[in-house]
Amino acid sequence: MKYMRLKNFMVLVPFILIFAAVLLIPFIMMVISSFFQDSTGTFSFYNFHLIFSQRFYSVAITNSINLSLFSSIIGSILGIFVTYAITKLTQNTQNRLLLILNATSNFAGVPLAFAFIILLGNSGFITLMLKYVHVQFNLYTWVGLVLVYVYFQLPLAIMLFYPVFNGIDQRWREAAYLLGASSFRYWVKIVIPYLIPSFFGTLTILFANAMGAYATAYALTGGSFNLLSTRIGALTSGDINTMPNLGSAMALVLALTMIIALFINQLVLKKLRRDIG
Amino acid sequence: MSEGKKWPFYLIVTLLALYLIIPLFVTLVYSLATSWTTTILPSGLTLKWYAQMFEDPTFINALIRTLVLIIVSMAVVILVMLPTVVIVSMHFPRLEKLFQSIVLLPYAMPGIILASGLLQTYSSIEVPKLILVGGAYFIVVMPYMYQGIRNSLHSVNMSSMIEAAELLGANQLKIFFSIIIPNIKKGILVSSLLSFSILFGEFTLTNLVVGGNYETIQIYLFRIMQVSGHISSAVVIAYLFVLSILSFLIILFTNGRKRKSV
């Protein structure tokens with residue numbers, strides 16, 4: 001029996017080796033190296049000091065957080081209204097819309113950036129139309145990035161909200177009306193409290209999704225717009241002036257912001273549960 | 001809700017559909033336009049960009065490189081993950097919870113973090129970059145393959161079938177190849193198609209780890225974007241076409257499986 005167990009365990013060895021080599025060890029190495037200075041190779045908190053004191057790096061963090069917050073808040077709020085509207089249509093229309101959403105959720109990264117460049121770039125179709133009415137639009141700014149980010153956040157938000165809306169039991173409404181509740185009271189007392197946890201959960205997923213997004217931002221701006229993800233890319237894999245340890249420290253900051261977002265989400269939910277319940 | 005009140009919902013949904021479809025539609029028109037630079041409407045329609053795309057040897061090479069990289073990585077993923085998931089759920093049930101949380105970890109891990117860890121660890125050692133990308137691909141699709149294999153293992157009553165086979169004197173290998181594999185074939189196919197479409201759109205890891213040294217279709221698109229907008233849009237349309245076929249197949253096989261189990 002002991003021998004059988006050993007033999008079974010041997011089957012797991014390739015998986016354990018690959019997992020350690022490609023995920024575990026690189027992650028540990030990333031954390032360790034973020035505490036070593038690139039120029040001298042000595043142990044220090046220099047990288048973190050640099051990130052938070054030099055505007056060039058700290059702006060990348062605030063830009064990323066702002067862009068992710070804005071695009072995830074817009075994505076979640078639009079998503080919740082649009083999903084509600086979708087569930088009010090006939091089943092056939094719903095299925096067709098879900099197909100479109102599925103197709104557009106593949107549409108991210110480089111191809112998406114390209115489509116927005118021909119749509120809204122300097123000689124883009126809509127940019128030209130706007131020029132006729134004397135409106136200037138620049139895709140490679142903050143507003144442009146939010147517009148592109150919302151494009152890939154919205155389908156994800158709808159996909160996450162759709163099963164939640166389908167989970168609303170028609171009997172809740174009937175029960176509420178039988179007990180004399182108005183439509184308004186039914187929404188405020190039953191539907192909204194039911195939706196709130198999913199709303200914050202979706203917001204957190206979208207935030208993490210935007211914080212980690214690299215391909216879209218890189219293809220759109222070529223790294224000229226200062227973001228955490230594109231900055232990490234330039235520091236670790238550029239042709240010139242790579243500072244891998246500083247890049248690791250920034251990657252650690254990125255991971256931390258996502259963990260903090262998750263933590264805030266849990267805190268908010270805990271507080272809400274106490275207030276509602 | 002009365003019928004007459006439905007128009008606001010249709011309005012909202014139409015606006016959404018327009019927002020989602022316009023970038024796709026404009027890319028399609030651009031790929032068919034003879035020239036579309038300073039005017040609002042294209043000056044004529046043509047298929048020459050598609051012809052140029054298929055005649056471009058760098059495009060064909062990028063396509064072949066992408067397919068080779070994905071197929072080799074996927075073969076390794078299946079060869080490693082399949083026995084691992086089966087052995088863990090059959091013989092180490094107490095480890096299953098831990099295993100699951102480990103395997104699902106990459107869902108939450110952005111490619112940029114994985115890439116910087118890999119570069120940090122292996123840049124000083126002479127490891128072929130292509131092997132690193134293959135390893136990264138392994139990690140990217142691991143959660144999807146795990147879910148697919150595990151769900152199909154649990155959807156049929158595998159443990160009682162295996163018990164029956166053991167009683168009838170079948171050995172481990174026989175059980176693996178004549179009971180487990182045939183029953184989860186379809187589940188593996190669906191998660192492989194899904195993994196394939198994810199890797200087909202992979203840019204971050206490939207670009208950061210190997211970059212232009214191994215030009216995949218995504219990196220090709222990124223490069224040609226700066227050269228010709230028309231060929232790029234033809235590439236984007238062809239790319240979305242392939243992905244649509246993959247999604248269609250995934251939906252087809254998933255529904256087929258459900259119907260069978262009812």
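Cβ atoms are placed via backbone N, Cα and C, with glycine included.
Caution: TrEMBL annotation is automatic and unverified by curators.
The annotation transmembrane segment is assigned in TrEMBL to A:12-36, A:56-85, A:97-119, A:139-165, A:186-208, A:249-269. The domain 'ABC transmembrane type-1' annotation in TrEMBL covers A:61-265.
Using a cut-off of 8 Å between Cβ atoms, the transmembrane segment (A:139-165) and the transmembrane segment (A:12-36) share fewer than three residue pairs, counting only pairs 6 or more apart in sequence. Tertiary neighbourhood of the transmembrane segment (A:186-208): same-chain residues 68-69, 71-73, 75-76, 79-80, 153, 156-157, 160-161, 164, 168, 172-173, 176-177, 258, 261-262, 264-265, 268-269, 272, 276, selected by CB-CB distance under 8 Å and a gap of 6+ residues from either end. For the transmembrane segment (A:56-85), the neighbouring stretch richest in Cβ pairs under 8 Å, chosen from A:12-36, A:97-119, A:249-269, is A:249-269. Away from its own ends, the transmembrane segment (A:12-36) comes close to residues 42-45, 47-48, 244-245, 248-249, 251-252 of its chain (Cβ-Cβ under 8 Å, at least six residues beyond either end). Same-chain neighbours of the transmembrane segment (A:97-119): 86, 89, 125-126, 139, 144, 147-148, 151-152, 155-156, 158-159, 162, 215-216, 219-220, counting only residues six or more beyond its ends whose CB sits under 8 Å from a CB of the stretch.
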